[in-house]
There are 2 protein chains.
Amino acid sequence: MLGEFEQIAQIMAPLAEKVEGAFALKNDAAVFSHQAGYENVITTDTLIAGVHFFANDNPRDIAHKLLAVNLSDLAAMGATPRYYTLNASYPDTIETDWIRAFAGGLGDMQDRYGIHLLGGDTTRTTGPLTLSLSAIGEIEQGKSLSRQGAGIGDLLCVSGTIGDGALGLLVAQGKLEDPTGILHKRYLCPTPRVELGQQLVGVAHTCLDISDGLMTDFEHMNVTADIHINDIPLSTAAQSALQKDSTLLSFILNGGDDYELLFSIAQNRQNELVEIAQNSATKISVIGRITDKKQTCLIKEDGTQLTDLKKGYRHF
Amino acid sequence: MLGEFEQIAQIMAPLAEKVEGAFALKNDAAVFSHQAGYENVITTDTLIAGVHFFANDNPRDIAHKLLAVNLSDLAAMGATPRYYTLNASYPDTIETDWIRAFAGGLGDMQDRYGIHLLGGDTTRTTGPLTLSLSAIGEIEQGKSLSRQGAGIGDLLCVSGTIGDGALGLLVAQGKLEDPTGILHKRYLCPTPRVELGQQLVGVAHTCLDISDGLMTDFEHMNVTADIHINDIPLSTAAQSALQKDSTLLSFILNGGDDYELLFSIAQNRQNELVEIAQNSATKISVIGRITDKKQTCLIKEDGTQLTDLKKGYRHF
């Protein structure tokens, strides 16, 4: 096992080498700035072995997810990712090779999203592997997307497909079959919708990322909607699983780990969605409409309402 | 125990209420900016129960230390603290009352240093209480202090008194008596030298904060020095402990948790130190001089050299 300083110099510092203000991770703090007319956007998430991932998951996948969940939050604000800091608390079971592979995964995500390591802290813990990451982006001043501000009549939209993450967790737990491996992969390595978020700036009235489940996160918009279940986009793998077991619908609607964007736009801008989807190479589906009703209605194909769904994931 | 959302809304959100860009902690990410002509400075540290503090320490003291160790890093860069984010991973033993007291401690530090909570993440852990905090400050562009750049002949200076934190840890471990309680208090609640750091901008050639021990942190300057042991400032409590047991000198020179600033200035600016000390209400001591020798020399009162000191604290 490399010592603390050697590990930082040999494994982590290369991730920061393109950022002058990271001082090769040798200083007490790092320096960064935003362009004139822009502002910083910051988000932070902690992932813990046994809670948010499995201790024996591939370190590259853990690195992917750690960055993805944070980039997803930046995407929900419409921000362009720039930097991140990492707090890693390693149990004794973590060896240097593990850290090298983990850093490899971070490097892949850096290349994909144009972000760079800015600083961090490495500690030893008697508990499970605990990883906190803060992602920093920038956005034109006053332009960030928000969870509040949906108007009655707005179209409610989602990116990608819903439910793969929740079903993928069932796969990881050995509770569901996944012949193609797609559900498990979507759970392990979610895709943050960074380009879509940027495209939605100045277009969407509200935006958030679905991390706790579609229905739970929708509640954060503080409005009601008619949502058409059949319009909720499902992957072929999810459709196939649902056909075999219709009770999985509750996991699809309420399970976490989608990391898709949920957003609302004015009805008269619907025609812009095609170009936005194209520019961001991301599928967009209209799943419903904001209403002035007292309650959100989940509407089935036959026009009747679905009731009695379990609630989404909360940490406690 | 309050639920996750209620806890954030009731206990943490008040700490963010003066920051518009924190969106009452209800958004996916937070927004902040620096003044024109300035840049951001960011640092992050993790404290873990059983490693960096004792699980039964007062939650207000833990909050103090968590912010202090990060503000100390900003101080070492000369930055003005502005915001912080908090990742808290709570074991099941942590109750709502504990979190309220912890937030009270954060609030006290906010009032003292003019900083505000910007965002964070709350999780449950099967391991020990784990707290990661990132502090963000700002500084005039290109003016940040650095660990590198000490010139031969520079005076080497420290703030406050050295060794109280290391001796305070011995007190906490029941290995040392502390009749006045000062050593223990200095260990629990270090004082970040924020005002001094700001005063040193444009004056000091190098600056860092002493967290791993005076001698270990001095090595990060990558220079050698003649350091006069008798000029190293000790508190009355530390002097008294050292008189009873001279082997404590190793703890004083190599123990961590001082959170004093170690900096170098050109010899011809020594006369500015009096005013800087006055403006920052911080004691400053010249403890030696940067040399072109191959090794750093610890010089005793009689002019002979001290050798054979143990090394400072490393996490692994």
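Any Cβ shown, glycine's included, is placed from N, Cα and C.
Taken verbatim from TrEMBL:
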- B:27-139: domain 'PurM-like N-terminal' (DOMAIN)
- B:ASP28, B:THR43, B:ASP73: Mg(2+) 4 binding site (BINDING)
- B:ASP28, B:ASP73, B:ASP209: Mg(2+) 3 binding site (BINDING)
- B:THR44, B:ASP45, B:ASP121: Mg(2+) 1 binding site (BINDING)
- B:ASP45, B:ASP73: Mg(2+) 2 binding site (BINDING)
- B:HIS52, B:ASP257, B:TYR313: substrate binding site (BINDING)
- B:GLY120, B:ASP121, B:ARG147, B:SER211: ATP binding site (BINDING)
- B:ASP212: Mg(2+) 5 binding site (BINDING)
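Distribution of TrEMBL features across the structure.
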residue: B:ASP28; record: Mg(2+) 4 binding site; Cβ contacts under 8 Å, 6 or more apart: none
residue: B:THR43; record: Mg(2+) 4 binding site; Cβ contacts under 8 Å, 6 or more apart: B:ASN70, B:ASP73, B:LEU74, B:MET77, B:SER134, B:ALA135
residue: B:THR44; record: Mg(2+) 1 binding site; Cβ contacts under 8 Å, 6 or more apart: B:ASN70, B:SER132, B:LEU133, B:SER134, B:ALA135
residue: B:ASP45; record: Mg(2+) 1 binding site; Cβ contacts under 8 Å, 6 or more apart: B:LEU66, B:VAL69, B:ASN70, B:ASP73, B:SER132, B:LEU133
residue: B:HIS52; record: substrate binding site; Cβ contacts under 8 Å, 6 or more apart: B:THR46, B:LYS65
residue: B:ARG147; record: ATP binding site; Cβ contacts under 8 Å, 6 or more apart: B:THR206, B:CYS207, B:LEU208, B:HIS220, B:MET221, B:ASN222
residue: B:SER211; record: ATP binding site; Cβ contacts under 8 Å, 6 or more apart: B:VAL69, B:SER72, B:ASP217, B:GLY256, B:ASP257, B:ASP258, B:TYR259
Cβ neighbours of B:ASP257 (substrate binding site) where a neighbour is any other Cβ within 10 Å:
23
Listed binding-site residues (B:THR44, B:ASP212, B:ASP257) that sit near chain A [CB under 8 A]:
B:THR44
In whole Å, how far is B:ASP209 (Mg(2+) 3 binding site) from B:ASP121 (Mg(2+) 1 binding site) when you measure between their Cα atoms?
27
Do you know offhand how many angstrom separate B:ASP212 (Mg(2+) 5 binding site) and B:GLY120 (ATP binding site) by C-alpha?
27
For the binding-site residues listed here (B:ASP121, B:ASP209), which one has the lowest count of neighbouring CB atoms within 10 Å of its own CB?
B:ASP121
Provide, as an integer number of angstrom, the distance between the C-alpha atoms of B:ASP209 (Mg(2+) 3 binding site) and B:GLY120 (ATP binding site).
25
Counts of helix, strand and coil residues, the domain 'PurM-like N-terminal' (B:27-139), according to DSSP:
37 helix, 46 strand, 30 coil
